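Shown next, in structure tokens, is the structure this report addresses.
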Amino acid sequence: MKYIGAHVSAAGGLANAAIRAAEIDATAFALFTKNQRQWRAAPLTTQTIDKFKAACEKYHYTSAQILPHDSYLINLGHPVAEALEKSRDAFIDEMQRCEQLGLSLLNFHPGSHLMQISEEDCLARIAESINIALDKTQGVTAVIENSAGQGSNLGFKFEHLAAIIDGVEDKSRVGVCIDTCHAFAAGYDLRTPAECEKTFADFARIVGFKYLRGMHLNDAKSTFGSRVDRHHSLGEGNIGHDAFRWIMQDDRFDGIPLILETINPDIWAEEIAWLKAQQTEKAVA
């Protein structure tokens, strides 16, 4: 079964994220559990936690259908010790918030070397950061998102994701989220079913589908291999509809949150309905 949704706003209270997801007929959703552009956040209150859990129960969202995202400020591969420590503390807080909310996944951008250390050293720092966070939390899986490779951001090669996973001690609590726009911008072609087969065969060989814990379904304004991260609505960008139809008809993508981060929230309900219809097409065929 496919879990299909979008990254919805939690403005006005975390429970509102579940309500907004239900309003667009989503069977999955993503959210920030705190302001993503600030380091600090007030601790979660018992009331906030209870309201969120009640809303998820009311609208039938389990933790397997929810993919929280951490703060954009966090860099788990930071080359400067003091800044790395700050990022690690913030990441642990994000993991603990998920734990309190009964959420089992936390999606994050791996990190950037800022042209100050090697890729290898940065990847090792990211893995070490994950190990520290896993040691201080329970029940939450660290879900590494592939990047488009802008600037000095790592994670744009499947080999980067594999190297991080290799350095994580508890393999049962690490996974990956593949963003289609990021993959395309990083040089993994998705424009035809044949290219999708090739790209995900590479993914299976280098990383492994057992680590796939979520996806971001985004078309791309950016061009193929450009290393530029610019999302677009499904079918309106340089990837096109075929990739998303292909994903919907492949059962390797079942049972994980498939999250839209496309640029027009006004048509998320339409995009979700279209994705669901592609899945139905296969059942009818």
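Placed from the backbone N, Cα and C atoms, the Cβ positions cover glycine too.
Features reported for this protein in Swiss-Prot:
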BINDING   His69, His109, Glu145  Zn(2+) 1 binding site
BINDING   Glu145, Asp179, His216, Glu261  Zn(2+) 2 binding site
BINDING   His182, Asp229, His231  Zn(2+) 3 binding site
Legend entry - Rounded distance in angstrom between the Cα atoms of His182 (Zn(2+) 3 binding site) and Glu261 (Zn(2+) 2 binding site): 12
Inset, instruction - Express the distance between the Cα positions of Asp179 (Zn(2+) 2 binding site) and His231 (Zn(2+) 3 binding site) as a whole number of Å. - result: 10
Legend entry - Listed binding-site residues His216, Asp229, His231, Glu261, filtered to Cα within 10 Å of Glu145 (Zn(2+) 1 binding site): His216
Inset, instruction - Measuring C-alpha to C-alpha, could you say which of the binding-site residues His69, His109, Glu261 are within 10 Å of His231 (Zn(2+) 3 binding site)? - result: Glu261
Legend entry - His109 (Zn(2+) 1 binding site): secondary structure state under DSSP, collapsed to three categories: coil
Inset, instruction - Quick one: among the binding-site residues His216, His231, which has the most Cβ atoms sitting within 10 Å of its own Cβ? - result: His216
Inset, instruction - Do me a favour and check the Cα-Cα span between His69 (Zn(2+) 1 binding site) and His216 (Zn(2+) 2 binding site); whole Å is fine. - result: 11
